[in-house]
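Okay, so here's the structure we're looking at.
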Amino acid sequence: MASEFWLIVGLGNPGAKYRNTRHNMGFMTVNELAKRWSIHFANHKGLADLGKGTMSLNGQTAKVFLCKPLTYMNDSGQAVQSIREYYHINLDHIVVIHDDMDLEFGRIKLKSGGSAGGHNGIKSIDRCLHSPDYARVRMGVGHASRSGDAHDNTINWVLGEFNAAQRKQLPEFLADGADAAETIVFEGLTKAQDKFNAR
């Protein structure tokens, strides 16, 4: 029987050296949600930090799991699939929050399905779930330099930290990302897209 719980996954890499990198936007946003709703994390089978709690908005409540995979980015799907199977969570109750180089810093786009856009964490989840049909909160981090070695540039960019101006804006951006995930849960993806994609 399917669970009524939602699973909100923030993508990133575990460990102090990755904590403030662009690739950890998902972790940062899930931490914002955990802070808002007083949700505490515990270890799930060595695969993820997992928190369980309730969110309330406009008289509605929703039961949620917040997840930060500990598998490193490229194997994120293992953690998501394990939690999905263990708790019987439907695909349409999964929201994945991740960094996106195709969007400028501060922009948010919501989608379900479609291409992974070169994001290895999303590729892993698509592969493990055998489907791309879950909601995604794409959080812009801007694009790496296109000159020289594009692959090296990309790795250095996503594993690099935000500049001083962006760090000042980061709390507001993370709050927007958390708002977007909440809107998907309480109002549905279409309304959430109308609200956030046009910004």
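Cβ atoms are placed via backbone N, Cα and C, with glycine included.
Since this is a predicted model, take the numbers as computed values, not measurements.
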Additional site residue, Asn43, Asn120, Asn163 [criterion: listed by Swiss-Prot with Tyr18, Tyr72, Asn74 for tRNA]: Asn120
Binding-site residues: Tyr18, Tyr72 - member with fewest neighbouring CB atoms within 10 Å: Tyr72
Distance from Asp99 (site 'Stabilizes the basic form of H active site to accept a proton') back to Asn74 (tRNA binding site), taken between C-alpha atoms, in Å: 14
Fewest Cβ neighbours within 10 Å, where candidates are the recorded positions Asn13, Asn74, Asn120: Asn74
Close in space, distant in sequence - Asp99 (site 'Stabilizes the basic form of H active site to accept a proton'), Cβ under 8 Å, 6 or more apart: Leu11, Arg22, His23, Asn24, Met25, Gly26, His119, Met139, Gly140, Val141, Val158
